[in-house]
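Student: Right, I'll just put the structure down here and ask away after.
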Amino acid sequence: MSEPFFRPGSGPAPGHPTAEPWRRRKRWYSPSDGRAGTARSHLPQRSTSHDGVCSRICAFVLCMVALQFLMTSAMAADESPLREAEVANFMLGNGMEVVVIPDHRAPIVTQMIWYKVGNADEPPGKSGIAHFLEHLMFKGTKKHPSGEFSAKIAEIGGEENAFTGSDYTAYHQTVTPESLRTMMEFEADRMRHLVLTDAVIVPERDVILEERRWRVENDPEQLLEEEMQATLYQNHPYRIPTIGWMHEMEQLNREDALKFYDRYYAPNNAILVVAGDVDAGRVRQLADETFGTLPRGPDLPARVRPQEPEQNTKRIVALTDPRVTVPSFQKSWVTTSYGTAEQGEAEALDILSEILGGGTRSRIYQELVVKQAIASSGGAYFNGRSLDPSSFTVFGSPRGEAKIEEVEDAIDAEIRKIIEFGITDVELEKAKNRFVRSIIFARDSQSGMAGIYGAALATGDTAHDVEAWPLRIRAVKAAEVQAAARKYLSPDRSVAGYLLPRESATSGDKSR
């Protein structure tokens, strides 16, 4: 599964790591400056944005600053229960779901439209069409020509963004409350009335092809992650990159775009989330008058995708590249997700990732960076928010004269300790506190709240599930964390990836 990149030029989007603390992300820690950062490397990880011109390095810097602020603030947060938001959840007559999250602390409002379609729903041979449609949604309708929507948002001093993931595609704007009707009118118009001609399709296809060259072909880390995903998932469409395979993207045409748009872009396949200085009654009225006038789209079948066979092999992916200056290692496993888990399993995996590699207090950091001093970075993350089975990943980079094999062995040893001996009650409670405080901090943000609800509902959860999430985290037991590690983190079902400078690789380096 994947995480969205963001569309630059208008501030952090809900798809960007600095604005998505509600998503559990890859973390890395550097002893040289004492700061912590977050990033989606799958992204994480395999999602993409509207225009794709943001430097990955710049994003990393933004992430590091953001998480330092997040952790400082969150650790000082009140231990009291989360305040109850007066969240309203209702359906329009045409099947569009609406969530309203009032927050009257500032005169702004965030509108998000989540379509329950992502790259995992693409027809075979049409990879990248979901992301392509995201681009095309900015190209105009008969009523509003290309660029008018964005110009209007800029005129009123608002922000906008869009992102594509494996399970959803989302568009959002942040404006003043009096501009909400205008935003709804524009979004409703392009939901069903997009104009797609060859004059629009061909140039924009060139744009996404160039985006792939820039984002993936020129980035060894992205190339490795793409190969890792394709190896980790043997049958499920999560193995396909969100941006698409180049040879299939080159063949995308107007007919492909129209079929995808007509099938999935409809009110009964969308979720409207409005957070900010609004009340539910007013939002219901505006939604009825704008989105409510649209006809239903086709009634779609359940989102049943090809599932993974039982995995029973250790697989290795190694990429050597002269552009790599610092080697790195990561290892991934297919796991359950919040969309597929038995009761408590996904929560246990979230706590496992926190204890194993979730920060400077984690086992990986303390053992590899502080005690042994063999790693410059290291951590773990669980990509739990997906419709189908997801993944758990550990990672690290060697420090000084240390070898990448030493880092891998040390991380494997920490996993074995948890599998064999479990975790202590003290570290369990500390991990829960850190995790719940990060949720509290996320809920203090309009876009954070809108993102929490949108992603959850788009992947099969309910508004009640969102409200109960912190309580479910609090209920995790030490034995459940150990059981999750034992069940999912077997070395015989893993994919290990190595990113290496060309001169350091030998034919026998990664044979074990």
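The chain as shown is numbered from 1 upward.
Note that Cβ sites are derived from N, Cα and C of the backbone, with glycine treated the same way.
Remember, predicted model here, so these are calculated numbers, not experimental data.
So Swiss-Prot lists these for the protein:
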type	residues	note
REGION	1-50	region 'Disordered'
TRANSMEM	57-77	transmembrane segment
BINDING	HIS131, HIS135, GLU211	Zn(2+) binding site
ACT_SITE	GLU134	active site, proton acceptor
Student: For the binding-site residues HIS131, HIS135, work out the Cβ neighbour count at 10 Å and name the residue with the minimum.
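Tutor: Comparing Cβ neighbours within 10 Å for the binding-site residues HIS131, HIS135, HIS135 has the fewest.
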Student: Using the alpha carbons only, what distance in Å do you get between the residue listed as 'active site, proton acceptor' and GLU211 (Zn(2+) binding site) once rounded?
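Tutor: Just about 13 Å between their Cα atoms.
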Student: Run through the Cβ atoms and count how many others sit within 10 Å of the one on the residue listed as 'active site, proton acceptor'.
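Tutor: Around the Cβ of the residue listed as 'active site, proton acceptor', 24 other Cβ atoms lie within 10 Å.
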